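Taken from TrEMBL, the feature domain 'Major facilitator superfamily (MFS) profile' covers 45-459. Per TrEMBL, the feature region 'Disordered' maps to 1-20. Annotation comment: TrEMBL describes 37-58, 78-107, 119-141, 147-165, 177-195, 207-226, 297-313, 343-362, 368-393, 405-424, 430-455 as transmembrane segment.
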Amino acid sequence: MASDHEQPGLSSLGKTSGEIGSEHEPLINGTHISESYSASAAILPFLFPALGGLLYGYDIGSTSCATISIESATLSGISWYDLSSVAIGLITSGSLYGALIGSVLAFNIADFLGRRRELITSAIMYLVGALVTAFSPNFAVMVIGRFAYGIGIGLAMHSAPMYIAETAPSQIRGLLISLKEFFIVLGMVAGYGIGSLLVETVAGWRYMYGASTPLAVIMGIGMWWLPASPRWLLLRAIQGKGNMQELKETAIRCLCRLRGQSIGESASEQVDEILTELSYVGEEKEVTLGEMFRGKCLKAMIIGVGLVLFQQITGQPSVLYYAASIFQSAGFSAASDATRVSILLGLLKVISLFLLGSYYLFLDDVPAIAVVALLLYVGCYQLSFGPIGWLMISEVFPLRLRGRGLSIAVLVNFGANALVTFAFSPLKAWLGAGIVFYVFGVIAVLSLLFIFFVVPETKGLTLEEIEAKCL
């Protein structure tokens with residue numbers, strides 16, 4: 001594996017047909033240097049990190065189908081198919097508990113490894129987890145595989161938004177981070193689709209989990225080829241964690257690769273500007289644990305953690321992981337029917353929690369309502385909490401806090417996700433599905449109040465401007 005400091009650069013000048021250039025609004029300390037980039041050069045620095053999101057989405061979709069396959073006496077292909085509800089809960093949420101572990105690891109090693117090497121580690125864990133799960137000889141080994149895959153999820157969901165945010169041109173930063181959410185949904189579509197094709201195959205669940213391995217390999221190779229984040233390199237430079245001149249020159253080479261030929265001779269000027277901005281907002285001081293909960297760091301933490309918490313406790317894990325089961329209750333009794341209808345979730349990802357609650361309480365004789373409510377739920381989520389939550393947490397944390405701040409936000413995200421996923425079945429048995437979805441609906445209203453009064457607008461600002469003006 002190549003070191004993050006040993007990336008070859010492309011310093012050729014001139015402009016290509018894919019060149020895009022625009023002027024920014026004045027920055028904190030004056031006018032902004034025009035940030036030009038090649039559209040073709042911007043694709044791969046987004047695509048390979050986004051595969052981490054696709055593999056996360058694939059796990060959601062494939063697990064929804066795999067749990068049906070693995071419980072079948074005739075199709076599971078194993079002798080230990082008669083699993084308890086707790087065991088099925090561990091298979092379903094095992095990757096989420098692994099993601100919690102990954103988030104804790106990210107808190108301690110992210111700033112040392114850098115965004116690029118963390119994504120490479122994530123790809124390795126995806127590969128190991130998928131293979132161990134697919135070839136597991138018993139339940140215990142399968143759970144270990146689910147945990148390993150989950151560590152990959154935790155690392156990817158922590159580092160991918162940072163890498164994309166720190167390497168993307170500010171004009172399209174929000175678009176690219178939001179598109180990462182699209183890749184999660186694309187992965188769900190693939191998981192539901194492949195699952196529906198394999199759910200009636202003997203030992204189909206093994207193939208469902210094994211099908212993710214080629215993408216994990218592509219992600220790892222792609223991230224090994226990509227350069228390090230220039231902002232991460234410059235952060236290490238101003239914090240005295242390396243030779244300033246060497247790190248600055250490496251950052252210039254990395255920026256040239258990320259922007260393509262259209263950057264011309266402005267790469268060194270942009271690097272100097274970033275260094276000036278980082279010094280202006282005090283990034284040369286390494287953040288302490290106590291400082292993370294004071295001043296603008298605390299405000300960023302409240303915004304980031306609040307968004308990802310509401311993202312999960314409005315019930316979206318329950319709807320997605322148990323989608324096939326909900327469809328079965330609506331009359332799609334065959335496993336293949338339930339999983340095929342689940343493919344629609346990837347096309348609309350949406351909310352109608354109150355409608356779902358009404359279906360279970362009053363309208364259970366109209367099964368079409370369950371299907372419509374699921375589609376509505378997924379679509380609304382995809383237009384709001386899905387992309388915007390990840391976009392905000394990748395932007396709002398100051399650079400020196402970003403590694404640890406994002407790890408805490410991701411930890412809260414997957415902790416709440418695992419809790420809601422695991423608690424859904426017992427709550428459904430205790431209160432009834434209708435009441436549970438009504439509670440989710442009330443929480444969704446509270447989340448709207450939080451967004452309206454607490455979350456700032458960051459459109460059109462560079463990462464350094466967000467820190468200076470919004471926190």
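Positions of Cβ are set from backbone N, Cα and C atoms, glycine also.
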Same chain only, please: residues at least 6 beyond the ends of the transmembrane segment (37-58) with a C-beta under 8 Å from a C-beta of the stretch. Say none if there are none.
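Here the qualifying positions are 16, 18-21, 119, 122-123, 126, 152-153, 155-157, 159-160, 163-164, 167-169, 172, 176, 179-181, 183-191, 211-212, 215-216, 218-219, 222-223, 225-226, 257-263, 346.
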Quick one: average pLDDT across the domain 'Major facilitator superfamily (MFS) profile' (45-459), no decimals.
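The predicted confidence over the domain 'Major facilitator superfamily (MFS) profile' (45-459), as a mean pLDDT, is 79.
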Counting Cβ pairs under 8 Å to the transmembrane segment (119-141), which of 78-107, 147-165, 430-455 comes out on top?
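Highest pair count goes to 147-165.
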Which one, 78-107, 147-165, 430-455, has the most C-beta pairs under 8 Å toward the transmembrane segment (405-424)?
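The stretch I would name here is 78-107.
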At a C-beta cut-off of under 8 Å, are there same-chain residues at least 6 beyond the transmembrane segment (297-313) that contact it? List them, or none.
287, 291, 385-386, 388-389, 392-393, 396-398, 401, 405-406, 408-410, 412-413, 416-417, 420, 440, 443-444, 446-447, 450-451, 454-456, 471
